[in-house]
Amino acid sequence: MVAKQLEGKFLSASIMQQVKKDISCFPSPPRLVSLLIGSDSGALSYAKIQESACKAVGILFELVKFPASTSQEEAIDYIVKLNNDPNVTGIMVFVPVPDHIDKNSLIASISHLKDVEGISPTNMGKLFYDNSSIVPCTPKAVMLLIKSIDYDLAGKEVVVISRSPIIGQPLLLMLLESTNKSPTPTCCHIATQNLALHTKRADVVIVAAGKANLIHGEMLKEGAVVIDVGINLVEKEQNGKKSRLIVGDVHYDSAMNVASWLTPVPGGVGLVTTAVLLQNVSLLAKQHFARLES
């Protein structure tokens, strides 16, 4: 068996096309403000991707950079200012943040009405009660990718390799949201003993552990759907020259010979995650204009 590539470009383009259409009907364009504390290269790269994607659909984008020496109080004060600015639709904070700043405190200070990532305490609580329209971007991207291949999750064994409060935990809640169509999810992580014991019986394996090539083909069930969320930079030496490659948490070549569907890295979940972020901006804008009319 050779797996089919579950690419993100088609689904991403479809989402962005709908977002652009929705935004064209708004009285004014939405505005996303992203905060970067320090100079993390990965965050800077993603900020450029965000800016380009926002421009493509008609969202105003602003990247606000703070020096690494910025205090937690200063950062929170700025977020509160954005919360109170009627011209700001969505707010997000890039991670990692400097060690002296508590990331959770920053996230908690973002109004749930402007929480574009769906990770504020209020929105996470609503997700628990299946009552939130703004949900975390990556878990939603994973669910949409699975839906895009018309895969029926009902009764299936799903292994999620992540216990992250941003990916793994909300994804488990989303998998369980329907009592009639829910799969049976298992939460694993990099410290799970005998990880292959779990993955080999799974119909669907979703990996977001942040460890390059953690999952190999021999750890998978024949015909499994494999969603690779990981993004890792690894060094490769060829002919005496070193280069850096982006790879996922799944060993791609070996998994291709076992899985039925496999997302590539790059070009898979990441593209859809960005599109979902824009979709969340559009949803927040729609809610904002509805409140103004009520």
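Placement of Cβ uses the backbone N, Cα and C atoms for every residue, glycine included.
Record features (TrEMBL):
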DOMAIN    6-117  domain 'Tetrahydrofolate dehydrogenase/cyclohydrolase catalytic'
DOMAIN    136-288  domain 'Tetrahydrofolate dehydrogenase/cyclohydrolase NAD(P)-binding'
BINDING   I190, I231  NADP(+) binding site
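Long-range Cβ proximity for I231 (NADP(+) binding site), meaning a same-chain Cβ under 8 A and a gap of 6 or more residues, is found for I246, G248, V265, P266, G270. When DSSP labels each residue, the domain 'Tetrahydrofolate dehydrogenase/cyclohydrolase catalytic' (6-117) comes out as 51 helix, 19 strand, 42 coil, counted as helix, strand and coil in that order. Taken as a whole, the domain 'Tetrahydrofolate dehydrogenase/cyclohydrolase NAD(P)-binding' (136-288) shows an average pLDDT of 94 in this prediction. Long-range Cβ proximity for I190 (NADP(+) binding site), meaning a same-chain Cβ under 8 A and a gap of 6 or more residues, is found for I161, A209, G210, K211, L214.
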